[in-house]
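A short write-up of the structure that comes next.
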Amino acid sequence: MWPLIPFRWINRRRHCFTVSKVVCVQQLHSSSTEFANIHYDGLYPGHIPTTTVQKALLSIGSGVAALQNPYRHDMVAVLGETTGHLALIKLRDRMRNDPEGYAVLTERPRIRLSTLDLTKMASLPDGSFGREYLRFLEDNDVTPDSRADVKFVDNEELAYVMQRYREVHDLLHTLLGMPTNMLGEVAVKWFEATQTGLPMCALGAVLGPLRLNASRLQSLFTSLGPWALQNGRCARCVLSIFYERRWEQSLEDLRRELNIEPPPVIPKAKKKKT
């Protein structure tokens, strides 16, 4: 007869196993980053070649870490890169078949502080896309430079598509009128999951609501959620827009062009730190 094992001991063992797995993935990610800094295999700067097994381990470990802390953007980034191959191909093809999207793929613009003329954007009139994007950055205390570079996508063009997705994420917040609190992030993820088909977005859309309280869940399921899904299905491919040429366009006109309806409600933004 097997000896009885205390339930608490089993839970501790499970927790240790989960933590160990996450730590191993974080160590692999860190060591791989160091390796990428001194090694360039010719595919694109910073690329880290990985096998199918290594990608599977990275996706599992990063997924666990992201579930434990959705604000671990490094783990969310790894999860997106190791699970999004098929979705990235479809997004790339949609961009190729759109004249403006093709121009984005050809010219490879980047959205970084070094490429933005903040002074000019600040001088634009209220209601213009560039001014409202800058206001979003200021109100939510975020920067486009926080988006990590792609490392684990084994195709140079698809790597750029993933990078472009990351760098337009804050622009989507501006287009959708969503702040960076949990309800706003979940609404954007519902839109992105429908638009992009990326498994990472779908996972965030499914699990994100678990972190909302009852009143915000009601707002999500009765108004923001259906609105986000509908707009995600009907809107033009958001990666096919050369946003850098649209700063002076009014936000309202750009929404109409992309077939994005204004939000039914706007969640309260996070309070600024003083």
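Residue 1 is the first one shown; counting continues down the chain.
Keep in mind that glycine also has a Cβ here, set from the backbone N, Cα and C atoms.
Record features (TrEMBL):
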type: BINDING; residues: H169, D170, H173, E185; note: Zn(2+) binding site
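Features as recorded by TrEMBL, highlighted on the structure.
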residue : record              : CB count, 10 Å
H169    : Zn(2+) binding site : 19
D170    : Zn(2+) binding site : 21
H173    : Zn(2+) binding site : 21
E185    : Zn(2+) binding site : 20
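Within 8 Å of the centroid defined by the CB atoms of H169, D170, H173, E185, the record's Zn(2+) site, lie the Cβ atoms of V142, L171, L172, M178, T180, G184, V188, excluding the listed residues themselves.
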